[in-house]
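Asker: Features from Swiss-Prot:
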- B:91-135: region 'Disordered' (REGION)
- B:Y169, B:S211, B:T212, B:N282, B:D304, B:L305, B:A306, B:Y307, B:T327, B:V328, B:S329, B:K330, B:R338: pyridoxal 5'-phosphate binding site (BINDING)
- B:K330: N6-(pyridoxal phosphate)lysine (MOD_RES)
Protein chains: 2
Amino acid sequence: MAALRVGTRAVEGRFQASNGGGGGGGGMAPSSRLVAAHREAKPRSSHSAAPWKLPRRRAGAMPLWRVAVFASVALNVATLALLLHHYATSPPPHHHHHDAGLATRSSDAAVHRRARTASSMAPSTGKPAVTTDSVINLDHGDPTMFEEFWRETGDAAEVVIPGWQTMSYFSDVTNVCWFLEPELDRQVRRLHRVVGNAAVDGYHVLVGTGSTQLFMAALYALAPDAAAAAAGEPISVVSTAPYYSSYPAVTDFLRSGLFRWAGDADAFKGDSYIELVCSPNNPDGAIREAVLDPKTGNGRTVHDLAYYWPQYTPITKRASHDIMLFTVSKSTGHAGTRIGWALVKDRAIARKMTKFVELNTIGVSKDSQMRAAKVLAAVSDGYERRPEQTKETMTTPLRLFDFGRRKMVERWSMLRAAAAASGIFSLPEETSGFCNFTKETAATNPAFAWLRCDREDVEDCAGFLRGHKILTRSGAQFGADARYVRVSMLDRDDAFDIFINRLSSLK
Amino acid sequence: MAALRVGTRAVEGRFQASNGGGGGGGGMAPSSRLVAAHREAKPRSSHSAAPWKLPRRRAGAMPLWRVAVFASVALNVATLALLLHHYATSPPPHHHHHDAGLATRSSDAAVHRRARTASSMAPSTGKPAVTTDSVINLDHGDPTMFEEFWRETGDAAEVVIPGWQTMSYFSDVTNVCWFLEPELDRQVRRLHRVVGNAAVDGYHVLVGTGSTQLFMAALYALAPDAAAAAAGEPISVVSTAPYYSSYPAVTDFLRSGLFRWAGDADAFKGDSYIELVCSPNNPDGAIREAVLDPKTGNGRTVHDLAYYWPQYTPITKRASHDIMLFTVSKSTGHAGTRIGWALVKDRAIARKMTKFVELNTIGVSKDSQMRAAKVLAAVSDGYERRPEQTKETMTTPLRLFDFGRRKMVERWSMLRAAAAASGIFSLPEETSGFCNFTKETAATNPAFAWLRCDREDVEDCAGFLRGHKILTRSGAQFGADARYVRVSMLDRDDAFDIFINRLSSLK
């Protein structure tokens with residue numbers, strides 16, 4: 001149970017990768033070395049109406065028409081002053097210097113944005129901004145790269161939630177997943193139809209607090225029921241290495257009697273198991289299929305398709321597995337919203353997964369569900385409003401996958417150049433395929449780089465990079481060699497650029 | 001493990017209370033009998049500016065002043081048209097017929113509200129509306145009673161979330177609870193200071209997806225660590241009966257090797273345990289203290305103070321226990337927002353609880369955190385803006401606890417009258433105390449009625465009431481006699497009124 005102990009002891013102020021072992025992989029506790037005295041200044045200009053006077057003409061009785069003009073214009077000015085007051089809150093600064101194409105719409109969008117955010121309170125801004133001397137934390141897949149896109153979408157992706165809205169526990173008492181907002185159900189199905197990455201007809205849509213909660217829900221639903229488990233052993237949970245470091249941590253942290261982590265699927269012997277298939281795979285981006293055959297014995301599979309979106313990989317077929325997991329964290333970049341969803345074929349499994357979420361958190365934030373629905377709708381709108389998809393329209397700012405792909409292509413090209421310049425790193429080979437969504441051949445551009453340090457004297461690549469103030473997650477946490485590290489490709493431009501510069505200089 | 005099996009098999013279309021056993025208590029699956037073909041019509045009027053003309057006078061050259069009047073008035077009309085367009089979305093209908101006091105502000109608030117919700121998508125409205133023939137579901141503590149209050153608060157409790165906001169996993173990398181929005185931290189501390197119900201200085205504030213998640217987090221943090229657990233038995237989790245029906249269900253559903261439900265604290269023998277102290281108690285509203293002495297042996301206590309707010313009970317002292325749990329579901333009525341918080345003294349415990357939430361859901365919805373912060377701020381504003389608290393100002397619409405207390409007093413009075421009229425039910429005796437918050441003596445008005453059916457031939461009170469289309473939760477689920485039921489006192493007026501009418505007619 002070394003894995004579990006590690007998982008429970010990660011504390012703030014310690015770098016995750018230094019935990020060692022395979023089990024601390026879900027670790028998100030930020031490093032104290034990243035903590036800068038950075039608080040974004042939030043200027044609040046105090047607009048007031050400019051003093052206004054009618055031109056002075058002559059003293060004496062004022063004719064009725066002049067009174068009318070005065071009253072009317074005064075009204076306009078008052079209205080204007082009121083509006084100006086609403087526009088007084090300004091958003092945090094932009095982070096897009098790579099891509100100038102988006103700037104054209106920004107002034108319009110900014111006006112809208114400011115008009116609507118006046119009543120907001122100060123939200124957090126994520127990790128502190130970085131400078132060339134900063135420790136760069138690419139340990140987590142924090143998808144802040146996408147902020148740049150969403151800053152330009154104005155009202156299209158904005159939600160307004162009045163105080164009395166969605167106060168009930170219940171969303172739809174007729175649905176298996178009774179806490180699922182019907183609007184999110186609709187937008188999830190719509191987006192999958194637009195992209196063509198997963199079948200939705202005949203599936204139940206379930207919502208979770210991120211896909212992590214639905215991963216646990218799936219284990220709970222697929223494990224033999226409690227009575228059977230009491231008699232026998234917990235069911236084995238396996239995944240082909242390198243596997244997502246959270247899988248062992250999340251499976252084992254409560255020492256459940258229902259399921260237990262059993263490591264690499266390739267090495268598994270037995271006929272009762274749950275196989276986790278992550279495709280494209282976290283950490284290495286590989287396209288995966290189940291390696292165990294569920295037709296023999298009591299095997300079940302869960303497909304984690306968090307990265308099966310056009311910005312990361314060509315969409316080569318419409319997936320139609322029994323249980324498929326998705327999340328807004330990686331599809332749209334809204335990690336802070338904590339919304340994942342599952343597409344589930346079997347009604348009894350869907351019910352049991354729903355029961356898990358009920359017992360664990362009594363449902364899922366409706367505020368975030370409404371926000372996710374709005375965001376997914378904005379993505380679909382980008383492609384459905386104009387049915388013709390030609391290269392000429394590919395630069396439309398509201399097209400998320402176009403933005404994402406452009407960024408990922410650019411970043412992978414920078415990374416490969418940096419690795420080549422350095423000479424001591426290697427990366428997975430680029431693969432490509434025909435994308436049914438974009439209707440053209442595209443390369444895979446994974447959300448993480450699975451980087452290998454080839455220098456003979458470096459056995460701990462994460463430690464080596466940490467020495468150069470680059471935080472990554474060690475291959476050891478993914479059931480692989482410590483010469484590998486996983487590097488997030490989804491951080492903001494400034495952090496990514498510094499990372500690239502540092503990497504290329506390492507010899 | 002009968003309890004667990006029950007818990008996992010509750011499905012939609014089955015009434016929760018019919019599960020029997022003590023373990024299905026977390027059950028929220030709605031009854032199919034409640035499902036009506038009810039979808040709230042959402043009228044969207046298509047306002048357009050009324051045709052407007054200057055009064056026709058005579059043809060010929062138009063003097064400058066007339067041009068000015070025309071331009072100015074036209075501008076006003078255009079502004080008006082624009083505003084009208086924004087006001088086109090209308091909210092669901094009100095449900096307040098008991099309390100007319102709030103109606104005075106409603107037109108103002110409605111104007112604001114409509115102006116801001118134009119870009120919202122259709123949210124759910126909770127359980128379907130009821131008629132005199134409906135099955136009335138008071139099984140769950142769905143706090144929709146509070147909608148009436150929040151419909152009147154306009155911008156004060158409304159959040160606007162732009163598409164790019166809070167996309168990161170991280171909220172504050174310097175905090176033990178790194179996913180806690182600093183604004184929520186501030187507003188939680190502020191409200192406790194305003195109300196005086198809990199100490200906050202020297203405490204860590206942790207956020208959870210409802211207090212249920214923090215309850216699990218506390219068990220995880222207080223249990224001996226995995227290595228110790230592997231050697232010995234899971235730690236015993238106990239609570240004095242009648243105890244909240246979710247405690248056994250949530251403790252045992254994953255069959256954790258770290259902790260295990262061990263029933264009534266009064267009957268517990270041993271020195272290694274976690275005692276759950278719910279005060280005021282769910283289901284019976286009793287003021288509770290720990291019955292086991294944590295100073296002997298390895299006992300730890302968790303205080304669930306979800307109902308320790310002035311609308312339910314006099315605030316007699318500032319609680320200062322090691323771990324205290326709260327939730328917006330019961331304090332403000334925002335159950336759908338799924339935000340709970342814990343006040344935790346010990347830093348190591350706070351870290352381990354944070355680790356639980358990290359492994360379980362990688363943090364908590366930031367959208368809901370921002371909304372909860374806004375709502376709590378609105379509550380505090382109701383009391384801090386006017387420091388003088390006299391009876392004359394007690395009816396201010398923005399004072400949540402005044403609203404809540406008025407409603408609860410009214411409802412308890414109706415319930416006691418109905419029980420008396422019926423003659424076959426008894427209720428806990430009313431107790432009272434001096435409230436340090438309101439500075440006057442107040443009675444307890446629990447969020448649930450712990451109703452006993454005194455008729456000799458009725459051994460299953462829940463079954464008896466179900467026969468009269470009233471759904472409640474059986475005493476058996478709380479470790480108590482099935483002659484008792486728990487009845488939610490927090491539903492909407494229409495449902496509560498029908499319940500009262502039916503109850504009073506039962507003989």
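Every residue, even glycine, has its Cβ placed from backbone N, Cα and C.
Could you place these features in context, so I can see how deep they sit and what lies close by?
Answerer: Listed in sequence order, B:G141, B:P143, B:A306, B:Y307, B:W309, B:Y312, B:A447, B:L490 are the same-chain residues six or more apart from B:K330 (N6-(pyridoxal phosphate)lysine) with CB atoms under 8 A from its CB.
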Asker: Out of the recorded positions B:D304, B:A306, B:T327, B:K330, which are near chain A, with a C-beta less than 8 A away from one of its C-betas?
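Answerer: Qualifying residues, whose Cβ lies under 8 Å from chain A: none.
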Asker: Out of B:T212, B:S329, which of the binding-site residues has the smallest number of neighbouring Cβ atoms within 10 Å?
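Answerer: Lowest Cβ count within 10 Å among the binding-site residues (B:T212, B:S329) is B:T212.
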Asker: Taking only same-chain residues 6+ apart in sequence, whose CB is under 8 Å from that of B:D304 (pyridoxal 5'-phosphate binding site), what do you get?
Answerer: B:S211, B:F215, B:Y244, B:L276, B:V277, B:C278, B:S279, B:N282, B:L325
Asker: Name, in the order they occur in the sequence, the residues of the same chain whose CB lies under 8 A from the CB of B:R338 (pyridoxal 5'-phosphate binding site) and which sit 6 or more residues away.
Answerer: B:T209, B:G210, B:S329, B:S365, B:S368
